[in-house]
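Participant: Sharing a structure below in structure tokens format, with a few things to ask.
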Amino acid sequence: MLKIENIDQNDHIVLQLKGEIDASNSVDLDAAIQEMLNKGAKKILVDCAQLEYISSAGLGVFMSYLEEFQEKDVQIVIFGLLEKVHQVFVILGLDKLITIKTTQQDALEAML
Amino acid sequence: MFKLLSPNIGKVSLLIAILSWLALLFVDITRIFGMLNQIESGVAPEVSYILQVAFFIMVYLFFNYSITRNERNEFLNLIWRGASTGLLALAISLLIRGFYGLLGDSTLANDPLMRNFFYHVNFALISLFLISCTLLWKRLILYQKSKKVVQQWQAFEILLLVSMFFVFFNQNTLDYSFIFGLVFITVFSISLSINLKWIPYLTFKEKWKSILFFSIILVSASYLFIQVLSYSDVEQIPVNLTDNLLLIGLFIFVFIYSLFSFLVTLFNLPTSSVFEQKLIEAINFQRLSQSIKPGENENQVLDILIDSSMSASYADAGWLEILDDEDNLSVLQFRFIEKNTLKELKDILVQSTAYPQDATQKREDDSKSVQIKINHNTYKSALVTALYINQKLMGRLVLVKEVKDGFNKEMVNIISTFVGQACISVENYRLLNEAIKNERYKEELEIAQRVQESLLPDKLHHDESFEISAFSAAADEVGGDYYETKQLDEHRFALIIGDVSGKGTSAAFNMSQMKGVFHSLVQTHPKPKDFIVLANNALGQCLEKNHFITTSYYVLDTVNKTIAYSRAGHCPTLFYKHHTQEADYLSIDGMGLGILRNHLYENYVHEKTFHFDTGDVLVLITDGIVEAKDNRGEEFGYERLRKVVQQHAGLNSQQIQDIIIKEVYKFIGKNTIADDDYSLMVVKFK
């Protein structure tokens, strides 16, 4: 089960992910990110405080947009990761390519 | 001997019948000669009676044989045979009478020999007519027979047989026993004559024909009967053959049955179209229920559906709308209606409140048909029946009539049944097609499975300084885990374990690419970091944008007792040190293959080397092991694995592996990890 919510704030969008991301619903995450890019979002905060699990397919979605983020000068920061989920990002090495912060405040500050 | 005779029973009986008739004629002529010349011929009447009985029996056998043998025993054909025989007997009898009328009062007219001859001809023809009719009626009576009717008929035949010999007792005089016999036969005939089950199966036209034939039979029988009665008083006939109880009894039977059939057929005429209609409906129903054969399509069933529904309800026009892929109803078939009239009617129907507005909505009530009054120049009523497949609307059958309230309850019922049957046929057809398709997919998946199994090695390279064992299981038919070994030179070995993102067939394809990359690169004996960087370059070219592969690559040197390794995003490897009796995960940074597809990637890859000693254990895993969940959603985790290995590190590699698998299964409470592939490789140093 995955619940995705978009919260528009002043100059950035908060993408709230709740539940689990696996192969079956990773397309929903993909669609949500694609939609934000289409809308021209430049600053994206991903709130993973209630994300309990992410499978390789879910990680693949983030990974597949890295290049596009760079090209379009989009900043993306993930925050609030549970330790277990954070480990997954770290093991894969994705933490080297995506900024990961503990709180929303830190995440906001990390964006220029 | 008997066998030789049996095929010719028809010919033999015919021959004997003719012979006995000739004998009868001869005996009587002898008598007349005797009378004329006042000589006692000395021939007793019993001789004639015996010959007569023989004649009857032979004629009976002959007709029995010829009717049974005849293949074309349709009812009308049978009745026609009776009618034609009657017509023949009638015609010849009339000819003889006409002949005598022409002769007037001449001497020839009074010649007893000639009169006797014609009497015998008439007798023979009457017998033929009556016996053949009796046997034809037998077939009609025994149509759809029950045991009771068969017994009744057999009793009747015995009665006829007895009556044949009756002549020996009463010499053909009209006494009480004769009348008693006649009454008996009459009662029997009436009770047999109620067996008229064949009549409803005649079509309207056939009924008219059979009425005609029966009237011929009735007229012939009546005339011949009067003729027979007239012989009773004629004195020139030495032995009366026609006042026989059997013949008179057969007259009664043939007449009664013909009369009954005639009347019942006549009264059946007005309702015959209803019966025909029901018969057609039954046949249509059968056609609908026969499943569609391979190579045909649903339209054939729908074609039969609209035609049979229209004929069952006497509809003036109709059409069939079928839901297409975009959930729009489109007209598939239409009958006796112009396209623009159809459109007019559709518009009128849509406005009607009774019309089911939402195409996809299933109506609550059981009856799927609605009758709607319409206000149209030509058509006044419509019957709309929905077609459902698997609780889902498939289409709609619309029938229209030029009269108001044109569809009665029976029509609605039969159409609902037709529609239901057609839906079942279409559904079965679709299910069958799906099953065939699934079967094909399954086969292809089995091929993929076999190919993939061949991708995992059956042999793991090692030397006497370490032992190695490995295990892998897939969640689906095919998985995305990969491990392999390769001996680089005498004392150096490459080990790899990998996990392809995603699951199933696409993961299996990527895994085979990984295997190709491994076998290409390993030939150059690369250092672990170089291997990872090169593999990333190679796989970056061919992996889909959102796919990646995690892997760990090891080079074991059994002489220097060193392990060099690099990790590409793969879950950490556990290393047990015999010296400290402790197991720990090797920590090294690294990034999955395919995540960063440019030269910057090598910045994120590292390489480490460490020493191993006797008794040390290396456990390579994929994340399926540590992410295995119990029923509360808790993961097996790295820590549990570490403890298991630490506890059992003294065993050999195979035993350690078995214990890990056993512990994982024990933890999750079943013998499979349902949602991920999982693999492990255990190396024990000696």
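Backbone N, Cα and C define each Cβ position, glycine as well.
Whatever TrEMBL says is automated annotation, not expert-curated.
Feature list, courtesy of TrEMBL:
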- B:463-685: domain 'PPM-type phosphatase' (DOMAIN)
- B:12-35: transmembrane segment (TRANSMEM)
- B:47-66: transmembrane segment (TRANSMEM)
- B:78-97: transmembrane segment (TRANSMEM)
- B:117-137: transmembrane segment (TRANSMEM)
- B:149-170: transmembrane segment (TRANSMEM)
- B:176-196: transmembrane segment (TRANSMEM)
- B:208-226: transmembrane segment (TRANSMEM)
- B:246-269: transmembrane segment (TRANSMEM)
Participant: With Cβ distances under 8 Å as the criterion, find the stretch in B:78-97, B:117-137, B:176-196 that has the most pairs with the transmembrane segment (B:12-35).
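Facilitator: Counting Cβ pairs under 8 Å, the winner is B:117-137.
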Participant: So which of B:47-66, B:78-97, B:149-170, B:208-226, B:246-269 is most in touch with the transmembrane segment (B:176-196), counting Cβ pairs under 8 Å?
Facilitator: B:246-269
Participant: Please tell me whether the transmembrane segment (B:149-170) and the transmembrane segment (B:78-97) touch - that is, whether there are at least 3 C-beta pairs under 8 Å between them, with each pair 6 or more apart in sequence.
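Facilitator: These two stretches do not touch.
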Participant: Would you mind giving the whole-number mean pLDDT across the domain 'PPM-type phosphatase' (B:463-685)?
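Facilitator: PLDDT averaged over the stretch: 90.
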